[in-house]
Amino acid sequence: MGKLFGTDGVRGVANSELTPELAFKLGRAGAYVLSKEAPQPRIVIGKDTRISGDMLEAALIAGITSVGGEALPVGVLPTPGIAYLTRKLKATAGVVISASHNPVADNGIKFFSASGFKLPDAVEEEIERYVLGEKGQSLDNVGGDAEGRHDDGLPAPTGALVGRVRPVADAETLFVEYLKSTVPVDFSGLKVVVDGANGAAYQVAPRILRELGAEVVTICCTPDGTNINDGCGSTHPEKLCEAVVAHGAHVGLAHDGDADRLIAVDEKGRIVDGDRIMVTCALHMKAKGQLPKDTVAVTVMSNMGLHLALKRAGIRILETKVGDRYVLEALLREGASFGGEQSGHILFLQHNTTGDGVLTGLQLLTVLKETGKPLSELAAQMEQLPQLLVNVRVKDKGCMNAPEAQAAVEAGKAKLAGRGRILVRPSGTEPLIRVMGEGPDPEELKQVVEAIADVFRRF
């Protein structure tokens, strides 16, 4: 990773780490790097519901237009919507302003290429070099010269060559209609509770389901700029579990702040995580002959039960590092199209280029309609081994390499040898060390994982 770009773009506390000045520089450098061959780059810009989104959007637009780019703001829309619209509108690039499932104080800036995919590391590194002044001069010096270039070496167009802002008024409808086109059935007779996390899906998700015939109950779909992910959404599905039972719904669908992930709840109020969603969809696609290469890509965080369920069905599994970008790389490399993460980032590459929580919900409901089976029965196709994940906040994620920490991890692995596993990794977006364990005995598993977590808590 670079100094600015992490596993999912640039993130930080808005107006403190991720400042308007930095957003301006990212917009300016990003538009230039991504559009060297375009006479006037066109950049789609979307955001979630965070209060800082407007501030950062204004700065990004200023940066984009300052190099002659055309800014196409689409307003509040899920991250995968930006990826889709970048392709649909034949734009040069797309930018999302969101920190996904992070707290409201955080925000982020992530770029998509013209094809709707996340940027390769090399391209992010080039943008970063311009922003940090490691390529030419620092972008702190923004005065132009007589030859139409700024002191940073980037274009300084004047007059009619300055970029324009052209809002896309029908952006939401374009995305909604596309998502509806991926569904071969209607959802009449289904009652669905949607938890929008007070985020980017708060309008889109309920609208699509209603237009497809479902009866929809919404919770946490009233954003006020400060309540995104606040005790709700895919990282806090407890309210959704209660609501599904209270309303007698067939299923609950929980998104995160930018709606690139989905966690479901069955009719009994039980959580159905990304692993079980993937097993449900993969087995259905395999039965219909619609699973390319009979292959699914998952990360090392996926439960061992997923491996057993898919292998029984003759499905090949590609295992990657944690992060949907690595799942994507594996799928593209192998010519496959389906995979994801236990956290609910799930990719259907035949439909979109990135994890899409709303799309995943539609595909899951399609399985319910086509099989006539309740979600509890479909999810039971995978027997989940006991798994425990503990997140430990640390000052320096480098503590993973400390001898004391490594000794604790090795001791834990030794205790579960042959019966389970331990996986310890740093978060790519937060100052956390994640300690995950799987094993047959929940009590023993808790003791082993907590012993490791206690060591990290000392750092």
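Just so it is clear, glycine is given a Cβ too, placed from its N, Cα and C backbone atoms.
Residues or ranges marked as active site, phosphoserine intermediate in Swiss-Prot: SER100. Taken from Swiss-Prot, the feature Mg(2+) binding site applies to SER100, ASP256, ASP258, ASP260, supported by sequence analysis. Feature annotation from Swiss-Prot assigns phosphoserine to SER100; the stated evidence is sequence analysis.
Within 8 Å of the centroid defined by the CB atoms of SER100, ASP256, ASP258, ASP260, the record's Mg(2+) site, lie the Cβ atoms of ASP48, PRO78, THR79, SER98, HIS101, GLY199, ALA200, HIS255, GLY257, ALA259, ARG261, GLY357, excluding the listed residues themselves.
Each residue contributes its Cα atom, and for ASP256 (Mg(2+) binding site) and the residue listed as 'active site, phosphoserine intermediate' these two points are 6 Å apart.
The Cβ of ASP260 (Mg(2+) binding site) lies under 8 Å from the Cβ of PRO78, THR79, PRO80, SER100, ASP324, HIS345, THR354, GLY355, ASP356, GLY357, each on the same chain and at least six residues away in sequence. When Cβ atoms from all protein chains are considered, those within 10 Å of ASP258 (Mg(2+) binding site) total 36, not counting its own.
Counting every protein chain shown, 29 other Cβ atoms lie within 10 Å of the Cβ of SER100 (active site, phosphoserine intermediate). Here the Cβ of ASP256 (Mg(2+) binding site) has 33 other Cβ atoms within 10 Å, regardless of which shown protein chain they belong to.
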